[in-house]
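One structure is given here, and the rest of the page talks about it.
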Amino acid sequence: MASRAGPRATGTDGSDFQHRERVASHYQMSASLKNEIKKLIYAHLVIWLLIAAQMCVSHLKLVSKDLVAMPYQWEYPYLLSLVPSLFGLVSFPRNNISYLVISMISTGLFSIAPLIYGTLEMFPMAQQLYRHGKAYRFIFGFSAISVMYLLMVVAVQVHGWQIYYSKKLLDAWFTNTQEKKKK
């Protein structure tokens, strides 16, 4: 469309963006942290499915005990670790602070605590494997201790980052609620 100033009206060439509003930083942070936490929850779901599959296969005796070892005691309470992740997912759509706090606390209780107990439970067998090279439990030909410790290292990192990002998300949400109260 032509104008008096030339072939294009002034301000329509894309140079008028400086005055436009921007998204507040805590909203940007909230969106990115929700995305990161969702990725961690999906990683946790994969770990949970591996442990649940190992437990189902061993309890239902689908394969011999030589192929898949019986589960350790820490694996049973770890199965409850799916509940905190569900609370975390439920808290996202409406920025529900109480569900996120429940998710953070129960992640420590149902996820981190069983992993710490599992580390202590398997330590004597890991020591025996290290000193004498003897393993008595196997998962598909690999030492069950080695496989479970590897899984535990990944799980601790996933849950640790999940709690860290949840705390940062909680701070971003509190910033948002404090600004609303001031108005």
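Keep in mind that glycine also has a Cβ here, set from the backbone N, Cα and C atoms.
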In Swiss-Prot, Tyr99 and Thr175 sharing a membrane side: yes
For the topological domain 'Cytoplasmic' (93-99), the number of residues DSSP places in helix, strand and coil: 3 helix, 0 strand, 4 coil
Surrounding residues of the topological domain 'Lumenal' (61-71) on its own chain - C-beta under 8 Å, 6+ positions past either end: 51, 54-55, 137-141, 144
